[in-house]
Structure formats: structure tokens, C-alpha cells
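My questions will all concern the structure given below.
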Amino acid sequence: MYNLKDMTLEEMEEFFVNIGESRYRAKQIYKWIYGKKVTDFDQMTDISKNLRSKLKEIAYVSQLKIEERRVSEIDDTVKYLFLLEDGNIIEGVAIKYRFGNTACVSTQVGCNMRCSFCASAIGGKVRDLKASEMVDQVMAIDSDYGKISNIVLMGSGEPFDNYDEVMKFIKIVNNPHGLGIGSRHITISTCGIVPKIYQFADEKLQVNLSISLHAPNDELRTQLMPINKAYPLEELMKACKYYVDKTRRRITFEYSLIEGVNDKKEHAYQLVDLLKGMLCHINLIPINYVREIGFKKANNEKVMMFKRIIEDAGISCTVRRELGSDIEAACGQLRRKYLKER
């Protein structure tokens, strides 16, 4: 059975041609699936009964089941656990900003990158998600929380470790006949898979790129993020400069401040030296506490010191506001707790 949500518009056009139907049927079906949120072929009333019968025999339109939903009493952030068709569990988050609602989407069940501060990495990667499973997260959040205007691929998993399905997902949600979410309202976050950064730059998309950096030197970054052994900072910075030169777009560098680990004054100056001259923005993140890992977030005084050093060097910098801290909003936390209790 074909899941129609796994198809870009072009792929769906080919699908209809291959089953002896007109190419324009794809736009009709896209309108029903993404415009009207219909999954039952019998409700697609401008499609002939014969075609509806044919589709029921060979295709379906997926939906995600919300297994659990937790609402923050602090800031209206909502954390979702979704049940996949094969019984696996993934997480999604809905976040309210002044500019609209953002869906934080997972790209894998678990993660292989083994970053030492991330709950998603505990237990490793189970499998990649299909494009449809990413699309379904956005649509489920949209239906439950309110219209989604922005997407961040910052949930569980490494997007560039599932590159092809992530690119397909972007095409589907970006298509005006699909969800119609603008490229500049979509952000991909990567821990730094260098060959994929070059490939992504060559796609010439207007999608935002965010790099999970978290350390200003190789020794510390390798301790925190094993990916740095394969792609050390010199290689990563070359790839980032290539991306900026190719796309003329700014990169955001994510830097989680961990008490006593990467929050010293010397680290701030090293970060400035690493990034000075690049078209970039630094997003400082007071790290979410994860019980199994034990890291604590840097205190506010150190966060502000770090920010001041960066801004004094002429680099754009913000501190990400804490969201959903009362509902275990750190990536991987809620899923891990659910699996333990099940």
C-alpha cells in the first residue's frame, strides 16, 4: 500500500500517470490531504467513485496518534508523544512565539550521534523517519495546537543522517499545494555532518541552517560530541563558510551553556575567535537538566557574561528563553520516561 503523504507533488503526479489517471489528480488529492486535512477517500467528493475505489485498494493517507500530551503551566508549550504505525514512539513540541506557532519535529526514532548532554542519544537510533511521519507530526500539532507557521527540525534525531527523507519532507510542507510553509520559516539543525552541509548548500534552498556547536575548541567538543572526531572544527568551519558564500544566508550556531564545562570566560573568547568574520548568529541555550546525564545549566550571571563578550566582539547573540521546563521538554526526555513506564 502506498502512503500518499510520502509523495512530493511531482511523485504523486507520476503515481497517477502510472495507474492510468490524469496528472492533475495529484493537485486535487494534495488539496484534500493538506488543505482540508481529509484522510478518507470517500470524503473526497470531487473524485470519481471509480478512482476512489481504486485508491482504497492501493493507497492510504496516514495519521499520527497522539499517545500523550503535556501542557506547560509556565508558557503554553505542549509536548507530544506520537505512536507510529510500527509501535515506535517519537516526540514533537508546539511552541508559541509572538510571530506565530512553531512545531519542533523529530527526524529519527532515537539518535546515533551520542552527544553527551542529550537525552535523545540514550539508547541510540532505532530507525529513520519517513517524510510522511515528519509531515504527520506537523499536521497533528497544527490540528491540536493551532495553525503552525514555523517548523524547526530540532527534535530527536540528526536531520542530515536522514538527508533524503528530510529533503522530501521540506518539499512537501513548502509546496503551496501542500502545507505552504515558506522556506524561510523552516530551520534544520545539524550537529555537523560536514559532507551534508556542502550538499545542503548546493540545494540552494532558502531554508535556515543551524549548527549545534556547544564548544569552541576540538578537545572540549570531542568530549561533548563524538561527531567532532570525524569532522573537527576546522573542517566544520570550512563547510559553514562554503554554505554562507554559496547561499548568502546567515548560519545560527547553537551553544548550550553547561555549568563548569563550557561556560568559562576563556570559552567565550575562543568562540569569538572561531566565528568572527562569519555571517552568523549565536543562540545561547541554558541547558535542560536531564536526570540520567547530570549536567546542570550555567547560572544567569555566566550566561550574561558570555553574551556580553560575544556582543562586544560585534557578533549577533541571543539567549533562548526556557520553554516547557516543567514538562521535561528536553529532547528525548518524555519518550524515555514513557518507555520506562510502559
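Quick reminder: no glycine exception, Cβ is built from N, Cα and C everywhere.
Pulled these from Swiss-Prot:
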- Glu91: active site, proton acceptor (ACT_SITE)
- 97-326: domain 'Radical SAM core' (DOMAIN)
- Cys104-Cys331: disulfide bond (DISULFID)
- Cys111, Cys115, Cys118: [4Fe-4S] cluster binding site (BINDING)
- Gly157, Glu158, Ser189, Ser212, Leu213, His214, Asn288: S-adenosyl-L-methionine binding site (BINDING)
- Cys331: active site, S-methylcysteine intermediate (ACT_SITE)
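Tell me about the surroundings of these features in the structure.
The 10 Å shell around the Cβ of Cys104 (disulfide bond) contains 27 further Cβ atoms across the protein chains shown.
Packing around Cys111 ([4Fe-4S] cluster binding site) is summarised by its Cβ count: 26 other Cβ atoms lie within 10 angstroms of its Cβ, all protein chains included.
Under 8 Å, Cβ to Cβ, and six or more positions away along its own chain, Glu158 (S-adenosyl-L-methionine binding site) finds Thr107, Gln108, Cys111, Asn112, Met113, Thr190, Cys191, Ile193. A coil conformation is recorded for Glu158 (S-adenosyl-L-methionine binding site) in the three-state DSSP classification, outside any helix or strand.
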By CA-CA distance, flag whichever of Ser189, Leu213, Asn288 among the binding-site residues is nearest to Cys118 ([4Fe-4S] cluster binding site).
Asn288
Averaged across the domain 'Radical SAM core' (97-326), what pLDDT does the model get? Just tell me the whole number, please.
95
Does anything in the same chain, at least 6 positions from His214 (S-adenosyl-L-methionine binding site), have a Cβ under 8 Å from its Cβ, and if so what?
Cys115, Phe117, Arg221, Leu224, Met225, Glu254, Tyr255, Ser256, Asn262
Which site among Cys115, Cys118 has the most other CB atoms no more than 10 Å from its CB, taking these as binding-site residues?
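Comparing the binding-site residues Cys115, Cys118, the most crowded Cβ belongs to Cys118.
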Just checking a number: largest C-alpha distance across Gly157, Glu158, Ser189, Ser212, Leu213, His214, Asn288 for the S-adenosyl-L-methionine site, rounded to a whole Å.
18
